[in-house]
């Protein structure tokens, strides 16, 4: 199977490392980062490209753009792993459209295009006889979308809720365990690389809200936008609030919740009993799905990280390989 | 899609109820319990069959055997949901072989044939151009096999461990919470229908061991039998042992564990930190999978129950429908 990779940051490099380490029968024929690109129908030398990035150099030739790779490389699947833009989803959205129009399958970890334009992209994929997969957009390493769409096929989902943001979960875990203030815990998260210099996207619940929109629109037959999500972040939480919860054998977690029948999408700090499966520590993610046949199911795992996200992308690639491009 | 159902106890009836309640595009053309059977290419009246069972009557005609249904009914998929026999796997094993030889797909919830004869059955299915699915044999409602084989495709699994038996988990939960003795907690589990009159199969870890053998042989490329599982049950545990664990913010769970590289399969009571995602309450099951790319993932859900098991069977049926018999 031949793939082209757009984006050669931590996720793209993780995918390249996994392809090198494992016998996955995948050849990379196109590759682009924000500054350069390579097109080689014979197969790009990934070790050399990783070495160039390691030296701070572009992964390929400065004259070759991501759009060139999308339009000209010879691939079965476009792997789109550039950073998320939640305002316009560009430039990823245009690249995904371009690949689908060329009858190429697409696997993406990019939340923007899936949150903003899934119905259009899905129709475009169907019209061109290809598939669009996006497991990596929600909860990183947890094969949540796969488990719900396929493993729980036949079930109706009455409610889906969980911990969708590892940064917030780390901050709340540390506030509860050590009595830290929000600011102290945030500073610690920054030092460890769990929080960005501007943490707004995480701590205000925007990241969790985008994941809810993706789940609602892609597996719960809803039509929602980010504006439909009631959203409260964790910035105003005090050590006292956490202590009060602890006194009742509870704790506080930033919970994202969807109730499809009621049309509710909500992100807010909630008091949860400590024995609840959702109460995970550190940067973990955890999601509970309430179903009619299977009862309640909880999935726990790492929500971020380059190899974890690469794992979800590779799961999607092998899914496409087994069903659509076997033998090529 | 046309299916034949062998076994019309709680799981078979759960499947019938789900087919009636949902628009699944499934017609049942063959049905047999231990005393009777029906073959009807036009589609069996499931509501009437359920009503007969509800009245204590056989589901069909006394002269029609399960073997008749396997050999003569007109179906795409055989659904084999009779009780498990861990000694010989019969009569289920013979019925599954018969269906595969007729080029029929098979979905089963029966641990016996999968634990004892998976390599043979898989070869037979491949030789006949059909598939054999068995999600319901391990952890009921949790789509564990699906999530590992498909969602985590590309990952290497270094260790898999968890709570595979709801009866033991209920007993241990109650001993820890109330200071009950093993005998008291077992009596309570029996009253609530969580334990059989003869609880040996559950409390001695045999049920958990069979599930390990299934996982080892079907998704971890091992070749094991029940004799390869080191096994200790929970019958000798005392309230004191649980109290000691509690004093260290731990508890005791019956843990089944596979370490593929070391060739280890083991079921034994283990001390686990209370914050560990595996420490679930009551009759829940929970499994942690350690992988190279995705890190550790934990799956929690109901391990038994008629609708929960039916959910897994229906997930497998829809998988086969979408990939192999769409349109028929």
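Using the three backbone atoms N, Cα and C, a Cβ is placed for every residue, glycine included.
For B:211, the entry in TrEMBL reads active site, proton donor. Per TrEMBL, NADP(+) binding site is recorded for B:7, B:8, B:9, B:10, B:11, B:12. The NADPH binding site feature in TrEMBL is assigned to B:111. Residues or ranges marked as L-homoserine binding site in TrEMBL: B:196. As annotated by TrEMBL, domain 'Aspartate/homoserine dehydrogenase NAD-binding' applies to B:7-134. Marked as domain 'Homoserine dehydrogenase catalytic' by TrEMBL: B:143-318.
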- Neighbourhood of residue B:11 (NADP(+) binding site) by C-beta distance under 8 A, where only residues 6 or more apart in the same chain count: B:81, B:109, B:136, B:306, B:309, B:310, B:313
- Determine which residues of this chain, when B:7, B:8, B:9, B:10, B:11, B:12 are set aside, have a Cβ within 8 Å of the centroid of the NADP(+) site's Cβ atoms, and list them as they appear in the sequence. B:5, B:13, B:14, B:15, B:33, B:81, B:82, B:306
- Have a look at the binding-site residues (B:7, B:9, B:12) and report the one with the fewest Cβ neighbours inside 10 Å. B:9
- Message: Test of understanding: give the count of other CB atoms lying within 10 angstroms of the CB of the residue listed as 'active site, proton donor'.
- Response: 27
- Message: Quick check: in three-state DSSP terms, what is residue B:8 (NADP(+) binding site)?
- Response: coil
- Query: Near residue B:8 (NADP(+) binding site), which recorded positions out of B:111, B:196, B:211 have their CA within 10 Å?
  - Reply: none
- Rounded to a whole number, how many Å is the Cα of residue B:10 (NADP(+) binding site) away from the Cα of residue B:111 (NADPH binding site)? 16
- Residue among recorded positions B:7, B:12, B:196, B:211 with Cα closest to the Cα of the residue listed as 'NADPH binding site': B:211
- Note on the structure: For residue B:7 (NADP(+) binding site) and the residue listed as 'L-homoserine binding site', the CA-to-CA distance in whole Å is 19
- Query: What count of other C-beta atoms do you get within 10 angstroms of the C-beta of the residue listed as 'L-homoserine binding site', across all chains shown?
  - Reply: 13
- Task: Check the domain 'Aspartate/homoserine dehydrogenase NAD-binding' (B:7-134) for me and report the mean pLDDT.
- Result: 96
- Task: Looking only at C-alpha atoms, tell me how far the residue listed as 'active site, proton donor' is from residue B:196 (L-homoserine binding site), rounded to the nearest Å.
- Result: 18
- Message: Give me the CA-CA distance between residue B:9 (NADP(+) binding site) and residue B:196 (L-homoserine binding site), in Å, as a whole number.
- Response: 16
- Message: I'd like to know which of the binding-site residues B:8, B:10, B:111 has the most other Cβ atoms within 10 Å of its Cβ.
- Response: B:8
